[in-house]
Amino acid sequence: MNSHIPSDVTSKEYKEWRVSNLEGSGMGEIHLVVSTVMLSYWCWKCKTAADYHRNPSQFNGQSWSRVLFECLVFFVPMFLALTDRFVYETFAALVATSIYYRWKIPDPPYRHDKWAPDPRAVAFDKTYVEGKVTPKSYLSIYRAEMMLLTCFCILAVDFNVFPLKYAKVETFGTSIMDLGVGSFVFSAGVVAIKPFLPRRVNDRIVTATLSHQLRAGLWTALPLLVLGFARLVLTESVDYQKHVSEYGTHWNFFFTLGFLPIFVPLGMFIFSDLRIASNVLLVVYQGIYSLTPFGSWLEDAGRTDMLSANREGVFSFVGYLAMFLMGMSLGSEILPDAPTFKSRRMRLVSVLGVWVTASICLFLADFVCGVEPSRRFANASYCFWVAGFNSFMIWMFMLIEEDIDSKLPPQFARSGRPAGYDVPLILDAVNMNSLTTFLVANLLTGATNMLIETLLCDTAQAYTILAVYTLMFMLPALLLYHAGIRVR
């Protein structure tokens with residue numbers, strides 16, 4: 001941190017100093033902590049399947065007891081892991097509980113004729129409809145859990161219970177919040193491919209035109225850009241603390257999210273291979289950054305005009321765009337309904353291949369070329385790290401679902417499962433209105449910091465405030481879900 005420490009811990013200067021020049025933590029620790037979201041899903045999935053198989057006719061996946069269990073298994077481990085308390089104990093408890101409930105799930109009937117067609121495969125293949133994109137439960141749960149993690153961290157970082165090694169690093173390094181920002185963009189890209197996929201309309205397979213894609217992109221971008229300008233005006237008017245080197249003087253994350261859906265259709269119109277486009281864009285950006293004076297200007301220039309004042313937000317957008325395209329590339333492989341049971345299982349191999357490729361690229365960029373990850377500039381190492389971690393986590397979610405659902409009767413191979421079996425109610429609510437949840441969390445974060453001196457709170461007070469905050473940003477999503485309303 002800086003050598004000069006402001007004396008007043010309640011001052012804007014101290015709050016900005018506190019999160020400046022941070023160095024983060026190692027990737028191993030980050031992966032261990034964030035992997036609790038995967039273990040929470042495994043634990044929930046095993047218990048849900050065990051409850052269903054015990055009494056299928058009486059199973060109610062949306063009862064109050066189920067909702068309370070969801071809060072226990074998804075929120076408590078997140079609170080403990082992200083505040084660096086009992087991380088290993090939490091990890092061990094989730095693993096042990098998952099193994100216990102996994103053991104309680106009965107095996108499917110024994111197939112005496114191993115050469116006979118698998119009944120699940122036959123039922124799955126018969127229900128395929130070309131051009132149909134049904135929701136993928138593992139993806140819905142993963143995106144919702146990443147959203148919960150992000151929303152929790154944006155307020156928790158303002159309390160002393162949140163380790164600063166998990167907060168965003170100054171320039172180079174890795175942290176949980178750095179990973180959260182990238183995961184937000186990558187996971188958004190995975191589902192953003194949906195409007196570009198061929199779909200069935202009046203018994204015909206059609207693809208959206210460029211004009212339709214641009215209109216859809218503008219419609220998606222408009223509320224995000226409005227929120228970006230609103231955040232800019234509000235933070236300036238109330239003199240809210242701001243870490244300038246994060247995105248720049250005026251830029252914020254909503255602007256980055258808002259411009260992505262505008263640039264994507266234009267880029268795909270020019271070159272449609274997402275995997276190649278994202279990697280070429282990233283290599284060119286990193287080459288210019290590392291081999292020209294542009295890198296030195298980006299790191300050390302003064303803030304003398306609009307461009308230099310917002311250079312982090314403006315130029316990191318190139319990296320985030322490449323990351324978004326990587327997510328879209330992965331989404332193009334896993335979002336369309338698989339035509340056969342075998343092809344669905346082969347997607348596990350495909351996603352694992354994405355993780356291996358991204359890990360190799362990260363190794364070459366970071367350990368061979370010496371390009372340390374930087375969220376501030378969204379460089380190549382950072383993008384490959386985020387893409388690799390997210391693809392591996394999605395692969396794990398797919399593997400858990402494939403394992404547990406293999407115990408279901410053949411008629412449930414593709415769909416028809418009872419409500420609450422595939423996706424927890426609270427996560428389904430968040431996923432249904434994720435942007436609304438994120439907006440509410442940002443508003444509550446600002447209000448909390450203006451009304452409460454968070455750095456003066458002791459541990460008990462901090463946990464209480466964070467628990468109330470979590471319930472409050474979840475409440476609108478739950479109410480909208482109950483009413484069947486999808487805002488954004």
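Cβ atoms are placed via backbone N, Cα and C, with glycine included.
On a predicted model such as this, the values are computed, not experimentally measured, just so you know.
Annotated by TrEMBL as transmembrane segment, the relevant range among 77-96, 317-336 is 317-336. Proximity of the transmembrane segment (253-272) to the transmembrane segment (317-336) is established through 3 or more Cβ-Cβ distances under 8 Å for residue pairs spaced 6 or more apart. Sequence-distant contacts of the transmembrane segment (146-166), counting only residues of its own chain at least 6 positions beyond either end whose CB sits under 8 Å from a CB of the stretch, comprise 15, 18-19, 22-25, 30, 33-34, 37, 74-75, 78-79, 82-84, 175-177, 180-181, 183-184, 187, 427, 430-431, 434, 437-438, 441-442, 444-445, 448-449, 454-455, 457, 459, 462-463, 465-466, 469-470, 473. Here the transmembrane segment (279-297) has long-range neighbours at 311, 318-319, 321-322, 325, 361, 365, 369, 371, 377, 379-380, 383-384, meaning same-chain residues at least 6 beyond its ends whose C-beta is under 8 angstroms from one of its own. Segment contact holds for the transmembrane segment (172-193) and the transmembrane segment (377-400), given three or more CB pairs below 8 angstroms at sequence separation of 6 or more.
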